[in-house]
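Enquirer: Next up is a structure, given as structure tokens.
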Amino acid sequence: MASVVGSQAIISGTFSIINQSQALSCFPRVKVVHTSAKVHGQIYIPEINWMLMVLCIAVTVGFRDTKHMGNASGLAVITVMLVTTCLTSLVMMLCWHRPPALALAFFVFFGSIEALYFSASLTKFLDGAWVPLLLALILVAVMFVWHHTTVKKYEFDLHNKVTMEWLLALCDRLGMVRVPGIGLVYTDLTSGVPANFSRFVTNLPAFHRVLVFVCVKSVPVPRVLPAERYLVGRVGPPGHRSYRCIVRYGYRDVHQDVDSFETELVESLASFIRLDALFRCSDARSDADYERENAFTVIGSNPLRRRISYDDTHDSASSVEIRVDSPTGSSRTNTIELAAVAAPRVVKRVRFLVDPGSPDAEDKQMLEELHELCEAREAGTAFIMGHSHVKAKPGSSLLRRLAIGYGYNFLRRNCRSPDVVLRVPPASLLEVGMVYVL
């Protein structure tokens, strides 16, 4: 019975640790299945489950002796207890704000007892206790290679990004063509234009009429409130119709399907356009103190937040209405309808109801921008993602060439691709190749 309970605890703990490590970019992407609609932390990872099964069979067939298996299990258990004691001492000081003397007393009392058992288990290292240490070294090596290369790729993108001024000047020289539709460019950068997109427009001088640089971030918290999920800002002047959207997920959040994500993203852009117009018309704004083009707006938690009402029917149509209220409380509204692509026999409409207010230049610009967003949404959405290949710099050490050139590329080819993780439809996916020399 103790073995059954222990095995279930190991399986559940392994799933949780791998899921959190993946969210923090410390482990290759794997499939995470949320088995409960109510309990978000209840997950299942098929790849890890199969690996555990193979390891259990390999250890059993290899040892064929419960004594050696007990030695391996004993070292693993006492090491977990010792590490937990060390981490608990840090939590007492850093999180619970207890006196350091209390944390030290806790560590000395429990750590000394566990250290005796740990030293006793080390004496049986050659009799089977080496197995958990070997598995731990392999796991640490995989996590280190993945995390190190991921960080280096981000630094490469950060150093090779281009400014919006360069892109605007390039558009003027090449005679850039703006095609109908919305282009969602996925990038890890929160500022600037990624290098893969600059190479894309250099070789193919055309991109979509509405351009959105989407940055999906996994933050080290369990869940992000829906009202704080989207941060929207402008990239370049308003006439360029380019935006940046940072989408934040916690490590226990479930990624939305493409239809709901696309709808919420367009709603957030429409709300941002309205809030930005109100901000530009505000008399309290000072251009010397604040630069709007470099700022982000949290869509949903703003005091001028949109009011969303859903009108679902049981027949062949359903509608979603987004109302952006004016602070003046005016009842006159203009309607911009946005038809979304849906499944057969299901029609979705998104309507932005905005107060026309006074017919000044800012309001005309806002209405024109919303109309263009509506037309681009009807024309369709393309998902532009980078397809990377990593290799080590010339003259790198043998260990670095093996880790980056072979280890990381092997893990990348055998893990889930970003388009699958983000649930991007293959028919709308456009991949841009990029070679990273790290």
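Yeah, the Cβs are placed from backbone N, Cα and C, and that goes for glycine too.
Copying in the features that TrEMBL gives for the protein in this structure:
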- 1-168: domain 'K+ potassium transporter integral membrane' (DOMAIN)
- 43-63: transmembrane segment (TRANSMEM)
- 75-94: transmembrane segment (TRANSMEM)
- 100-118: transmembrane segment (TRANSMEM)
- 125-146: transmembrane segment (TRANSMEM)
- 180-437: domain 'K+ potassium transporter C-terminal' (DOMAIN)
Enquirer: Other than its close neighbours in sequence, what residues sit by the transmembrane segment (125-146), given a CB gap under 8 Å and a spacing of at least six beyond its ends?
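Expert: For the transmembrane segment (125-146), the nonlocal Cβ contacts are 21, 25-28, 55, 59, 63, 65, 67-76, 79, 403-404, 407-408, 411.
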Enquirer: Would you kindly list the residues that approach the transmembrane segment (43-63) from elsewhere in its chain, counting only those six or more residues past its ends and only Cβ-Cβ distances under 8 Å?
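Expert: Long-range Cβ neighbours of the transmembrane segment (43-63): 10-11, 14-16, 18-19, 30-35, 69, 72, 128, 131, 135.
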Enquirer: Over the domain 'K+ potassium transporter C-terminal' (180-437), what is the model's average pLDDT?
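Expert: So the average pLDDT across the domain 'K+ potassium transporter C-terminal' (180-437) works out to 71.
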